[in-house]
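Some notes on the structure that comes next.
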Amino acid sequence: MAPAAKKAKTDGAAAPPGAGATGPDTVVVLDYGSQYTQLITRRVRELGVYSVLLPGDASMERITGLNPSVVILSGGPNSVHLAGAPTVPPTFFTYCEANKIPVLGICYGMQLIVQMLGGEVKPADVAEYGRMPVHTENDSTLYGQEMDKSQQVWMSHGDEAVKLPDGFRCVGKSDAGAVVAIEDPARNIYGLQYHPEVTHSERGKDTLRHFLFNIAGVGAGWSMQNVLEEQIAIVKEKVGPTAHVICALSGGVDSAVAATLVHKAIGDRLHCCFVDNGLLRHKEQERVMKMFKDHLHLPVTCIDDSVRLLGKLAGVTDPEKKRKCIGAQFIEVFKEYKAEVEAKTGVRPTFLVQGTLYPDVIESCPPPGSDQKHSHTIKSHHNVGGLPKELGFELIEPLRMLFKDEVRKLGLLMDVPPAFIQRHPFPGPGLAVRILGDVCAEGALETIRAVDEIYINCIKEAGLYDQIWQAFAVFLPIKSVGVQGDQRTHSHVVGLRAITSQDGMTADWFQFEPKFLQDVSAKICNEVKNVNRVVYDITSKPPSTVEWE
């Protein structure tokens, strides 16, 4: 199919950062609350096309003000056939057709297209979740470039289209017979019931590439270098020429890259601290401080707050309460550190840098002004949903709209050492979310530190560390009967988890060789006191999250 005709940039359209005289083509993604929505924007940018996210109920004026070359309707947790379900403005499809703007609906977005244009969507007899095969039509506009009629895709839906609008054709079905791909090339409207944006849809990115370049005819003009330059400029403008900034370093990639970026923007007016809250892994404080000194060359103050925080966590078993308690205590520490910096420099720091990533944001309650209105809360994060209302700081979050792999790319652009960039993610709340129940339960912290150290060392010795996105141990609040040294034991159970992923939004469990798991289990049970059973987590995300709490 010939590409859609391009439109000249209107005088009122805001040009994206780094744009040329007329600006690059812009893809507008309307967000209906899917946990994968930002992945759509990300995938489009990876293909070199500028993309921006708007709430699903954005006005036509706001949508047209960006002069989109393409509009993508995201997935979401709602049902289009229920009253009050989010939708597009009444004139949306008329405007897009009149201006030759291609539209792609994904999951809920496809169902919205069907419902609004005269088709019918009903609850499916059988919901479809996770990876499964679909079968496509090779004579279609969407799949005409493909030789194979079958592919594995990622599903997450409980409703299905049972009647298509006039002019539409079904060009893809699941094994169960559900409609998974539709198109009306005459109106440049397309729909996918599955999620091409997630990495577990094996040809999803190819489908998006074909849609953008061959069907919509957009051009590439966007890169991660644009993101870096834009964020440095934003930090400079926000902080100004005299203000001082505190950065909370966790020892992970996110906060380190955020600190490096802000340091490039404001130099020595950045003051970094590393807080040992008692929830770190084995020898983490010692190892992390050495890394900051030897590799990042950042002046960092180490603060030991372990006694105070663990005292507040004692007896707390609810995951959300644990997260919020940790978040509140972090802020208290930062306030105290602010006073120290003020006494030293004579200037009161008014900004706090955090390495918040987009997965943290979309798994937490949508904050006011975030433009995320239709998503459901998964969990609160210590640097998002767990923050006290009165911070006493203005936040700087240069990575807030990025994913882990993008953050790593930014770090490499700023010469952060690759050895540091490849560290596995470690959650802000630390071992608190890897100990189910009371963190201060007898032996819990000591046990999980010892188990985790053995597990990670075994992974490294086997040469598997860089093949795994994240690996860790979990302390379970149960005991099991065992036999050790010819004696009956009643000891702790620990879980092991290892996943593969590109962005943390979807994940598969890592398939170790049975011999590896056998050896690790034996080593843990032989060397860690009071552990007599080891289990391995083989759950993908979804339905589970990466961390257990």
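Placed from the backbone N, Cα and C atoms, the Cβ positions cover glycine too.
Listed in TrEMBL:
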BINDING   SER250, GLY251, GLY252, VAL253, ASP254, SER255, ALA256  ATP binding site
DOMAIN    222-423  domain 'GMPS ATP-PPase'
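What TrEMBL annotates, mapped onto the structure for a quick look.
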residue : record           : Cβ within 10 Å
SER250  : ATP binding site : 23
GLY251  : ATP binding site : 23
GLY252  : ATP binding site : 19
VAL253  : ATP binding site : 24
ASP254  : ATP binding site : 24
SER255  : ATP binding site : 22
ALA256  : ATP binding site : 28
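What surrounds the ATP site, by Cβ distance within 8 Å of the Cβ centroid and not counting SER250, GLY251, GLY252, VAL253, ASP254, SER255, ALA256, is the set LEU249, VAL257, ALA258, GLY355, ARG423, PHE426 from the same chain. When pLDDT values are averaged over the domain 'GMPS ATP-PPase' (222-423), the model yields 84.
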